[in-house]
Amino acid sequence: MLACCCGTAACSLCCKCCPKIKQSTSTRFMYALYFILVTLICCIMMSRTVATQMKDHIPFYEEMCKHLQAGETCEKLVGYSAVYKVCFGMACFFFIFFLFTIRINSSKSCRAYIHNGFWFIKLLVLVAMCSGAFFIPDQKTFLDAWRYVGAAGGFLFIVIQLILLVEFAHKWNKNWTAGTQQNKLWYGLLALGTLILYSVAVAALVLMAIFYTRSDGCTFNKILLGVNGGLCFLISLVAISPCVQDRQPHSGLLQSGLISCYVMYLTFSALSSKPPETILDENNKNITICVPEFGQGLHRDENLVTGLGTTILFCCILYSCLTSTTRASSEALRGIYATPETEVARCCFCCTPDGDADTEEHAVKRGGQTVIYDEKKATVYSYAYFHFIFFLASLYVMMTVTHWFHYEEAEIEKIFSESWSIFWIKMISCWVCVLLYLWTLIAPLCCPTRQFSV
């Protein structure tokens with residue numbers, strides 16, 4: 001334990017019965033744990049319920065707040081400004097490590113040892129950075145400037161995830177297509193996958209048309225559904241057009257089906273975030289329209305909805321961070337892809353190991369969980385890219401928890417409340433995803449002299 005906290009040894013669990021863990025996995029897990037810890041603190045800071053419970057149940061609460069110089073009721077430790085400061089510390093932590101780990105190709109360098117060890121010392125550094133942000137002078141200027149940095153970083157995080165989604169769609173199709181050379185059953189799997197994806201997309205479009213529109217209103221919702229449905233139809237036609245097929249034989253309906261499903265998901269999420277429309281009924285009373293009737297009763301248990309929804313949201317963010325920091329993903333962002341000859345068709349191709357296969361000889365037992373040192377030859381993922389993704393994720397969490405540009409009245413209990421800013425962020429993300437996918441299809445036609453590989 002001491003070697004892990006204050007030395008270069010990889011972290012592992014104390015129980016021998018736990019399965020073996022790779023050093024690269026252990027390192028990423030520890031950084032993810034730091035990320036989760038700070039994210040939880042941010043959620044607590046934005047929670048009206050937690051603040052009330054602490055004030056009612058902690059003895060000498062007001063005296064403690066005055067002693068900490070946090071205001072009479074610790075108002076300086078809660079709210080959007082506190083979250084901005086804590087996330088500033090976390091973002092600085094990951095950005096410094098991003099700069100520190102640039103061009104590390106061997107795990108035997110001094111910088112790699114620091115990246116993979118000294119966990120207690122790094123925790124103290126993270127705590128110091130998050131705490132130190134509360135002592136920054138000229139708080140108003142800092143918060144105003146940091147808000148725009150957070151918005152830019154949050155948008156960039158979304159764009160990177162969209163790029164990797166498009167890359168995932170192409171990789172899926174190429175992997176399964178490679179299997180058809182050895183076994184024709186892969187054609188059946190491709191057809192089945194395509195059918196399922198389009199069935200889900202069409203069903204989602206129909207259900208949204210039923211529940212989010214009505215015959216005598218909801219014009220805005222009808223336009224959005226028509227536009228996004230038309231975009232899905234467009235990318236499907238472009239994907240199988242002869243000119244695209246001539247330059248990209250691997251292009252097909254599987255990719256466009258996956259993108260269509262994601263477009264429908266973002267459309268549903270955006271419509272759910274849109275402030276409701278109201279009209280006067282025959283009794284001159286305001287009634288809400290263009291939302292499902294059953295949806296109006298889903299928010300009765302506010303704490304349950306907030307807790308469950310927030311957990312799912314941040315699990316998705318964490319999953320995006322970890323899956324987008326593999327070497328294959330970092331190379332995909334630079335336009336480097338595996339050649340067709342190296343593709344091995346798998347039903348679960350996305351779960352292939354990213355390290356060397358021959359790593360068992362490097363297993364080390366220290367009385368607890370066995371650690372496999374899988375980076376003896378070279379690093380299995382880009383350290384700098386890993387920290388950069390978590391830097392952007394820190395900014396995305398900050399903006400999400402504080403409701404983006406509606407920060408002054410933000411509360412974690414209202415994280416899923418209707419907001420025009422959140423609505424447009426989701427809609428723009430939807431359209432950017434379509435544009436990115438279309439670009440991967442038409443880029444070889446626009447730039448015939450360049451070599452494209454997807």
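Heads up, the Cβ atoms here are built off N, Cα and C, so glycines get one too.
The following features are taken from TrEMBL:
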type	residues	note
TRANSMEM	29-47	transmembrane segment
TRANSMEM	86-105	transmembrane segment
TRANSMEM	117-136	transmembrane segment
TRANSMEM	148-166	transmembrane segment
TRANSMEM	186-211	transmembrane segment
TRANSMEM	223-241	transmembrane segment
TRANSMEM	253-271	transmembrane segment
TRANSMEM	383-405	transmembrane segment
TRANSMEM	425-447	transmembrane segment
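Ranked by number of Cβ pairs under 8 Å to the transmembrane segment (148-166), the listed stretches 29-47, 86-105, 253-271, 383-405, 425-447 are led by 383-405.
By the Cβ criterion (distance under 8 Å, sequence gap of 6 or more), the transmembrane segment (253-271) is not counted as touching the transmembrane segment (29-47), fewer than 3 such pairs being found. Relative to the transmembrane segment (117-136), the listed stretch 29-47 leads the set 29-47, 186-211, 223-241, 425-447 in CB pairs under 8 A. Contact check: the transmembrane segment (425-447) against the transmembrane segment (29-47) gives fewer than three Cβ pairs closer than 8 Å, residues 6 or more apart, which falls short of the contact criterion.
Within its own chain, the transmembrane segment (86-105) is flanked in space by residues 34-35, 38, 41-42, 45, 111-112, 114-115, 125-126, 128-133, 146, 150, 153, 378-379, 383-384, 386-388, 390-391, 394-395, 397-398, which lie at least six positions past its ends and keep a Cβ under 8 Å from the stretch.
Within the same chain, residues 173, 176-177, 179-180, 221-222, 225, 228-229, 232, 252-254, 257-258, 260-261, 263-265, 267-268, 271, 291-292, 295, 345, 347 sit at least 6 positions outside the transmembrane segment (186-211) and bring their C-beta atoms closer than 8 Å to a C-beta of that stretch. Listed by sequence, the residues of this chain that lie at least six past the ends of the transmembrane segment (29-47) yet keep a Cβ under 8 A from its Cβ atoms are 11, 77-80, 82-83, 86-87, 89-90, 93, 119, 122-123, 126, 130, 310, 314, 318, 321-322, 386-387, 390, 393-394, 397-398, 401-402, 410-413.
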